[in-house]
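Here's the structure we're looking at; comments come further down.
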Amino acid sequence: MDPHHHQRRGFLAGTAPLSPETPVSRFIDQSPYSETLEAAFLRLNLSRDNQTLNSGSHDNIVNGSGVNFNILDYFASNGQVGFLPAQNNDINPFGATRVRDFVHNPMMARSNSDLRSNAFVYSGAYQNPNLNSRRGLMQRESHYGSMNNVLVSKNQNYGRRPLWLQDHVSWEDLSGKIVALAKDQHGCKFLQRFIESATREQIDMLFYEVIDYTGGLIVDPFGNYVVQKLIEVISEEQRTRILRNLTRTDFQLARICLDVHGTRAVQKLLNCITNPAQVSLVVSALNQGVVALIKDSNGHHVIQHSVKHFSPQDNKYILKKVAEKCFEIATNKSGCCVLQRCVEYSEGEPRDRLVAEIIANALLLAEDHYGNYVVQHILDLKVPQVTENLLAQFEGSYMALSCNKYGSNVVEKCLLTTSEDQSTQIILELLSNPGASMLLVDPFGNFVIQKALLVSQGDVRRCLIALIERNDQMMVSNIYGQKVLVWLTKNRRLLNL
């Protein structure tokens, strides 16, 4: 019989600590056959008290258990890393067959520590998050992965929920393990199902266990879903506590909103806030990084939510910063969307200032990749004075705008949204330009001509038709000119030709 058989079963089942007496040298002197990772695990020096059994090891496992890392160093340096196979029918590759094995394991005590910065051992598997450390046992490769990076075989079916999460446990069993579970791919789903059927007392227990860790959970790939689910069922006072926790330091909430996971959870939180005190906490925190949030692909969603759902008075500072940085924001991919929402939901003096800033920069914005959408949005408002001021900015530049990829969209919008007199004035300016015929064969100008034919009347339309007839030979041999001719042929009846 294997002389270490009894020790092997004791370690895997977690029933007794192992002997610290075997020196590292005995492992190095053994034959290659015996130099396995399993052997290293069997000779780990584990203790359930707070004393370190090996003088060379100063790192304790959670709950004071110590590991002789010298042995692990040897095997890690020789590339002998892999997985710990099951040794009997009671232990599966994840180290336990039921949730009770997980939650009652003494090595998981105090597991609410920050899993990003603390290593811990549970169910017979060692985890070290610092992969660059000389004590790093596990080499993180694409084929390794499982619950909390437990070492498993690369052909393990990762998509299937581990057996230890398929059993029922009481809320008391979960005490002290909530944060660890929340940060696990399968554990977070397990907790979400628990929350759906939990009582008020159980929700309170879960809340008080995670409240001090919400800053880390809310940006965790899995933990954020638990926070979102919890936000839906906790009391108003508890939501306020979460908000205070997320806004207690400068720029804390702003940094969370910049995170791809954090922004979703914050939006869920904003959907659930119900009183002015909560709104004040959010707005004050967001004001610390308004421009950065607006221009960020994640953060701009939170600002848009604030602009849409909070009062103009609450958004006063946000609107002020948007007006001050109007051009910078309007020419940003995310910012142009926020600016449009600001114009849509603001009112009074803040809105007037925003519109005035957009009009002042209209000519440059019209030719910008993103800014042109802001200008088009202003035209869609169909406010007579605003439209008149905007057209005045474009006067004398319609030809150049019509030949621009983005400016041509603005000219088309001008023709479609303005009055007959205003659109006629635009067309006459185009026709009076010496290079008007070039619009017929321009990649962008040809669309302006089509819109001009559609909205024009009487003599103005006849002038456009005459321009086309004089240049039909040039248009026939040009791909863009052909588009105008085809459009004209299809719409002759509409144009009464």
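Placement of Cβ uses the backbone N, Cα and C atoms for every residue, glycine included.
Automatic prediction, not curation, is the source of TrEMBL annotations.
Noted in TrEMBL for the protein shown:
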- 1-26: region 'Disordered' (REGION)
- 146-492: domain 'PUM-HD' (DOMAIN)
- 173-208: repeat 'Pumilio' (REPEAT)
- 209-244: repeat 'Pumilio' (REPEAT)
- 245-284: repeat 'Pumilio' (REPEAT)
- 285-320: repeat 'Pumilio' (REPEAT)
- 321-356: repeat 'Pumilio' (REPEAT)
- 357-392: repeat 'Pumilio' (REPEAT)
- 393-429: repeat 'Pumilio' (REPEAT)
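Sorting each residue of the repeat 'Pumilio' (285-320) by its DSSP state yields 26 helix, 0 strand, 10 coil.
Along the domain 'PUM-HD' (146-492), the predicted structure has mean pLDDT 89. Here the repeat 'Pumilio' (357-392) has, by DSSP, the following mix of helix, strand and coil residues: 28 helix, 0 strand, 8 coil.
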